[in-house]
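Listed in TrEMBL:
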DOMAIN    B:25-472  domain 'Amidase'
ACT_SITE  B:Lys78  active site, charge relay system
ACT_SITE  B:Ser158  active site, charge relay system
ACT_SITE  B:Ser182  active site, acyl-ester intermediate
Amino acid sequence: MSYVIQGETGDWEVVIGLEVHAQVISEAKLFSGASTKFGAEPNDQVSFVDAGFPGMLPVINEKAVEQAVRTGLGLKAQINHRSVFARKNYFYADLPQGYQISQYELPIVGHGTIILDMPDGSTREVGIERLHLEQDAGKSMHDQHPAKTFVDLNRSGVALMEIVSKPDMRTPEEAGAYLRKLRAILRYLGTCDGNMEEGSMRCDVNVSVRRPDEGFRTRCEIKNVNSVRFVMQAIEYEAKRHVEVYESGGKIEQETRLFDPSKGETRSLRTKENAHDYRYFPDPDLLPLEFDDAFVDGIRATLPELPDEKKQRFISDYGLSPYDATVLVFDKESAAYFEQVAEGRDGKAAANWVTTNLFGALNKLGKDIGESPVSAKQLGQLIDLISDGTLSGRLAKEVFEIMIETGDDPAKIVDERGMKQVTDTGAIEKAVDEVIAANPDKVAEVQGGKEKLLGWFTGQVMKATQGKANPQAVNDVLKKKILG
Amino acid sequence: MSKLTDLTITQAREGLTKGDFTARELTQAHIDAMEAHRGLNAFITETPDRALEQADAADVAIKSGDAGAMAGVPIGMKDLFCTEGVLTTAASHILDGFTPPYESTVSANLKKAGAVTLGKTNLDEFAMGSSNETSYYGPVKNPWKKQGDDADMVPGGSSGGSAAAVAGRLAIAATGTDTGGSIRQPAAFTGIVGLKPTYGRCSRYGIVAFASSLDQAGPMTRTVRDAAIMLGAMAGFDPKDSTSANVPVPDFEAALTGDIRGKTVGIPAEYRPDGLNAEVQAVWDKGVQMLKDAGATVVDISLPHTKYALPTYYIVAPAEASSNLARYDGVRFGLRVTDGVRSLDDMYMKTRGEGFGKEVRRRVLIGTYALSAGYYDAYYLKAQKVRTLIAQDFKKAFETCDVILTPTAPSAAFPVGAEVDDPITMYLNDVFTVPTSLAGLPGLSVPVDLDKDGLPMGLQLIGRPFDEETVLQVGDVMEKAAGFTHKPASVGA
């Protein structure tokens, strides 16, 4: 896919790199025992370590380390058996220690890869530069008091993984696909819930433009964009801004910018001259983080099947199209649902029912797969009723609608509402005879060679049987009776 | 019986066990001494009521026969240790009114061992200083004075309050912390014993941090045996401090066999620079002879990177301090200056400008500079490399010796005010102690003699990592040979 900005002076290519801050799923914070549950009262989940009290020392939470390694393995990345925590120094009211403990020169995870599934079914690889562990800061609240800022330290010290991509993306769509895929992987791994609205996944976007085949130009960083859609909008806006600046003879200055979703534009936050000097240095309160192969192997042994492998398996085992497979593996729950439906049944039919009918219905209801009124077992039963001839496709769709409304088993609905397909030839013959008797002229037309009209007869018979007749049987009887 | 305030831990333990006196009596005697000698300014906060409560608890424990190693022993607690419910200042204005809701591991360990805490001892602000003159609460005075001279002398620093309290018989022992010499140099200046253990031996949890990779707590006592007893009560692995070492705590007192035959003592050539104070040299020679006489072998060793230790220390320690002290920002505890403040940055600048003293501000600036973009490689990174070389020097030296003997400080105590305006001269006080700190090794200062002015002088014994036992064993022998029984003028006969 190519995305080119056609400027007045020629074509421009967009270069995009993303830094994602993913909140680690863990009971406790990165360096303290305080809880990380979302939604507690302000300053309810703060230890003296998180509040930066004198003499308090950080102690690494092993669970957070496991989660980072797990994520690294999920990104097919290099796991560094020795990494170093460093202090990033700056002053802010919601940064109690006056520094953030992060990783700088030696991160826990090195180079990796993410495969993007583009909407047209194609794939693209994006490199992962690194993943490192760091603490989150607290939250400043400027809207609680006319003159004061309130600080909530519940988030202070919560473990984050900063996942940095290489500048490998060239279109806003790729950036969107990257975020969706990364989120899917994190959710499969159970290392981050990927909830951008609650802030458990946040994104900094690096954007520059260049002439095709040219080296990288100056980039701007857009901080803290909090939805996939906004990330794509921000890139589009920022890339156009760069082109306009260059084409009017200007220069892009390296700077940090903010995205304003209401205006759909970015604006400068601070320029390079005003950039912080974070004075990184290894945190002397913490020893280098070291672990052996056995630690990594132990985590590797518990890795679930990830989206890419699942997709391949769905394609080869169930004969699905890459597109259907991509849609189904997008989240773990949908994939599991599908597999339960497909077990012992036709995979393609199962995929169709799940991706088209079920997803369509859930979309309308605004529910996700976990809240589906129709269980995988019930959907499987419905498919069984089609294959054993109890229901026609059309009837099955009606039954499905009722299942969505009531949550009832398909067999119960069929029984109670008498929606069984009529396969009894006697009953069908009777209905066919009545339709033939009522339409002698049309019978003649068919006999005269207009066989296409048979479809019309089928429709009439189906109508007369309230759709319950087996359409195949109706066809057969019609042919026999009219054409002999 | 000698005065209760003259007792060592060993003697107090014996007297308490035998019922010669109670912990309450012993504590009251020290409270009286503490109050009588307020002129020394050794304590920032006195806690006599708590002390008596703890003494009573110790008396109960002693009677029931389950007394800890420090049961009923009245000690001073350097005001760098956070103590639950007791004002903790680090001798800084910026910690005004800070009463920690938690207890440092070392002070908790001592409490568990039955120690009675008389109060919080004075120190250089944030432990930054070598004379205890940078304290917001005023300078501490050395109980010792030059013979025939009434001028106040400094007690050394930064654990000057602890040193003065122990030397002046206000407390039987005290805790200190040592980053570049803050236990050993004041011990030498006040004629007492001071031990900086191996980095990681004592937990740093709850100690107001100066330079995390160097800070180490240790005992300040009047005898080597007392130091061994007290270190045993302070030390131990602490999961709350990631740099605390998970090694067993030996019975340090059991190491004091009195026999050092077969031990090899190294004498580093580099600690004998041109212009070394002749009296310091004389005391050092005396120490060498004492150890030889006791049957130890003395060998010459080389620690070639010694001359880089002080500049290295004055990059590493301020760099860490500049970051460690960032949390004193007026937001959550301690001092907040709001007068004429119009923004958050304004509040930071005014609070930190007024809250930190001159020496602390100087070191924060040095450290910030050393870590700044463009300077990091030339200063901090280079210093770390030199630090590794210094540690390697010691490692190599310990292939040929068991312990190293050096002077503790380049001079005896100097008059209050003599060096305040000259930071470089002041920093040189730590020239013999800093290398040990950079290498994380145990260092023990033992009083050996008086100089011609009648001021005490100490020698330093340096050991292998986690080999405090040999250091104490040799120190004990040297102490006996030196027979240092002098008392400061303030104590009287």
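Here the Cβ of each residue, glycine as well, is placed from N, Cα and C on the backbone.
Worth saying up front: this structure is predicted, and the values here are computed from it rather than measured.
Same-chain residues at least 6 positions away in sequence with a Cβ under 8 Å from that of B:Lys78 (active site, charge relay system) are, in sequence order, B:Lys120, B:Thr121, B:Leu123, B:Ser159, B:Gly161, B:Ser162, B:Ala174, B:Thr175, B:Gly176, B:Thr177.
Distance noted between the C-alpha atoms of B:Ser158 (active site, charge relay system) and the residue listed as 'active site, acyl-ester intermediate' is 5 Å. Shown in sequence order, B:Leu123, B:Asp124, B:Ala127, B:Ser130, B:Gly157, B:Ser158, B:Ser159, B:Gly176 are the residues of the chain, 6+ apart in sequence, with a C-beta less than 8 angstroms from the C-beta of the residue listed as 'active site, acyl-ester intermediate'.
Taken together, the residues of the domain 'Amidase' (B:25-472) have an average pLDDT of 97. All protein chains considered, the CB of B:Ser158 (active site, charge relay system) has 35 other CB atoms within 10 Å.
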